[in-house]
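For reference, the structure discussed in these notes is given below.
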Ligand SMILES: NC(=O)C1=CN([C@@H]2O[C@H](COP(=O)(O)OP(=O)(O)OC[C@H]3O[C@@H](n4cnc5c(N)ncnc54)[C@H](OP(=O)(O)O)[C@@H]3O)[C@@H](O)[C@H]2O)C=CC1
Ligand SMILES: CC(=O)C(=O)O
Ligand SMILES: [Mg+2]
């Protein structure tokens, strides 16, 4: 070891190669000049390297790399730069006319050459998003068993009860930052697809990387298989999941609980768990239960809420008025519908300084049994009760529109073609610019098409957005570009912001911050074209701005940054807010023994002491265990770690 720097020696001891630039994940340390040597780190070489999607570069391996990694002869002699490979692949995808074939082509590429897959996605996001994501991913999930090739993601089934941690440890990557998990019970608007819902976490996480820039190795797609009630799948010989009806009650709860505990145990408290496409009878309860103990986010409830609120805010920015001037009618009162309603009410109450109850008065919901009114209060799920206003029972949407006279109609019932000509005409007779959002996915479940929204609202008066994409529509010589109101605008940037901030809880204010950041990126030029979101072509920039805002908000919400100074006179404790605007000092305390302050519950025990700070019940506590072993008691400082009780 003579002649080595301490750092090199440490690296050698840890079994990693020196040289090159090591990134935050401990990957990418090698350079072309200083390749990782097989005896320093166990990496694939030769034939195995070509089969390893994370490192395979296909024909782009240089001469030097081919020598260093034992690839000579395993590849044809030509060296193609990545750009040329990308061009070739794009031509290949375009030749495939069947969307499902395109999906399979792209999934194969992801499993073969991950970097090339993401380069292709990033450079052609508007064209390829509908393949990897809605609508095609819906069909892929329906046929997942038949098209199954190489397994993607991690499956945790009822059979793994008692061994979930063990299963998690089989996943090859250790530095996980985002998990997207489903139990497959409400896949888009297609219902219960059981274990075949895996296409959704895989697709969402592909977007985390392509749209948000989170590294693929930090993303973990998980499907929890508790069975399925889908008879067709249970009778399908190619079905990939447990062939049993769904577990419910205690059996379900215990598996989910074991999973959530294992996630924290294996990856720590800073891993973001995104719940996706759970049925609403579990989704609300899971979010409610784990938001107090884990870093969790429900994309269907919170992500959708943020994207719709952003669209509304952007629309108002150009059309004038405030949210409180509007009357909202939701067709569909589940995760998406009530999630949006709640966030809109929160924003209204903040803008107009009224209570949320007051804000709820302008929000009406329709579910499968009709308008939600006070006489139904005893028979509806808790998340609908806030909207059960005084009104006669109304059975159908058209009558509800005529009665309520909404300015905005927001569909998330998963019922295709439910915004009929009469519905859109009624909205247009009440409003000069009716807001019509057809959020249901995939395209077959969309409440109406873009063309219908524009043509039935005469001279294209509708401000329209849809969950799945529609092509631009030419109407009366004017080109309308329909907005895609999809949570894909939010979750990649939101998740990135959460993980870079090191937050350990998701707060509503962070979701609001994401919505504001998205809305701010809509320009008058976009709005003139009919868009209430900026185009997906700039999604990387959009996501970055959202992430920055969310991370800043996370810091704003952390109440304390603490500094302890110890000298012979005693202990000086200073508390600061950590806000993005530089923070301000909250407290300065001198103590020689325990201190308790009621203003902000500051507890300071002496030697070796613990400082503990609390602000409100669900807020952060700062905790420091300090071992004072310095004889002279000269000034010693320490930062306080964060933790939530
Ligand atoms: N664009 C986007 O970003 C997103 C889109 N979505 C889409 O929204 C749809 C719904 O998702 P989600 O809210 O999670 O699902 P839920 O199952 O939680 O909610 C569906 C709601 O629709 C109601 N409904 C069902 N049938 C009818 C009907 N015939 N008439 C009126 N209401 C009806 C249900 O009524 P009841 O309560 O009585 O059963 C329920 O309130 C899906 O298609 C999904 O793909 C979801 C998330 C994001
Ligand atoms: C977009 C989405 O999350 C959904 O349709 O469920
Ligand atoms: Mg979803």
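Using N, Cα and C of the backbone, Cβ positions are placed for all residues, glycine too.
Bear in mind that TrEMBL entries carry predicted annotations, made automatically and left uncurated.
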Q | According to TrEMBL, which candidate in 236, 300, 325 joins 276, 277 at the divalent metal cation site | A | 300
Q. Across all protein chains in the structure, which of the binding-site residues 276, 277, 300 has the highest Cβ count within 10 Å?
A. 276
Q: Among the binding-site residues 186, 300, 441, name every one whose Cβ is found under 6 angstroms from ligand 2, counting any of its atoms.
A: 300, 441
Q. Relative to ligand 1, which of the recorded positions 133, 204, 276, 277, 486 have a Cβ found under 6 Å from one of its atoms?
A. 486
Q: Anything within 10 Å of residue 204 (active site, proton acceptor)? Look among the recorded positions 133, 186, 276, 277, 300, 441, comparing CA atoms, and list what you find.
A: 133, 276
Q: Tell me which recorded positions (133, 204, 276, 277, 441, 486) have a Cβ under 6 A from ligand 3; sequence order is fine.
A: 276, 277
Q. Roughly how many Å separate the Cα of residue 133 (active site, proton donor) from that of residue 486 ((S)-malate binding site), to the nearest whole number?
A. 11
Q. What's the CA-CA gap between residue 277 (divalent metal cation binding site) and residue 486 ((S)-malate binding site) in angstrom, rounded?
A. 14
